[in-house]
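Quick look at what TrEMBL annotates:
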{"type": "TRANSMEM", "residues": "34-54", "note": "transmembrane segment"}
{"type": "TRANSMEM", "residues": "60-83", "note": "transmembrane segment"}
{"type": "TRANSMEM", "residues": "90-112", "note": "transmembrane segment"}
{"type": "TRANSMEM", "residues": "118-142", "note": "transmembrane segment"}
Amino acid sequence: MKSRARFGPRALSLTPMAYGIGFTEVRWDQWGELALGGFSGLGAAALFLMTFIRNIWVCYAGYIVFKCLYMLLITIAMFQIAADLTMERYALVFGANNFGALALQTIITSVVVDSRGLGLGIIPQFTIYASYFSLIAVLFSLRGLFTIWRSDTEPTAAVRNDPPDCDEHTF
């Protein structure tokens, strides 16, 4: 019963955000990477806030903000990946993606947290994770700015990520 109560408020805050992404009228092929960079930067800011603020309520609010942004990032990234896939490749691509994410998470956790690795305390751990999200934000933002610049300077060279015309992409 405890675990159900613990995930209830978070699920209530995440559901409208993830659901609302489906109704946004955005050219994700042009603005998606910049959005990922911006949301990663906000997530890094929330992690840095939780790291250096000593108020538990601010930390709880930072955690809720971070978790909402993280789920929003996952939703946008999965949408961008799925937009270019055929139905036959979903399992392979998302399976490999989840395996790679789990492997990276295991490596980072074993290096940062484990006593055989760095064995860092809580504050340095949060600093490393916030720095990791900051690096991701910079990379996505630079790539997003390049994509926008390229589409503005060469409108014919812009690549559209429209799915192929077939029944499996009709809802």
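Just so you know, glycine gets a Cβ as well, placed from its N, Cα and C.
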Report summary line: The recorded stretch from 34-54, 60-83, 118-142 sharing the largest number of CB pairs under 8 A with the transmembrane segment (90-112) is 118-142
Query raised in the report: In the same chain, who gets a Cβ under 8 Å from the transmembrane segment (34-54) while lying at least 6 residues past its ends?
Result: 26, 28, 62-63, 65-66, 69-70, 72-73, 76-77, 123, 126-127, 129-131, 133-134, 136-145, 147-148
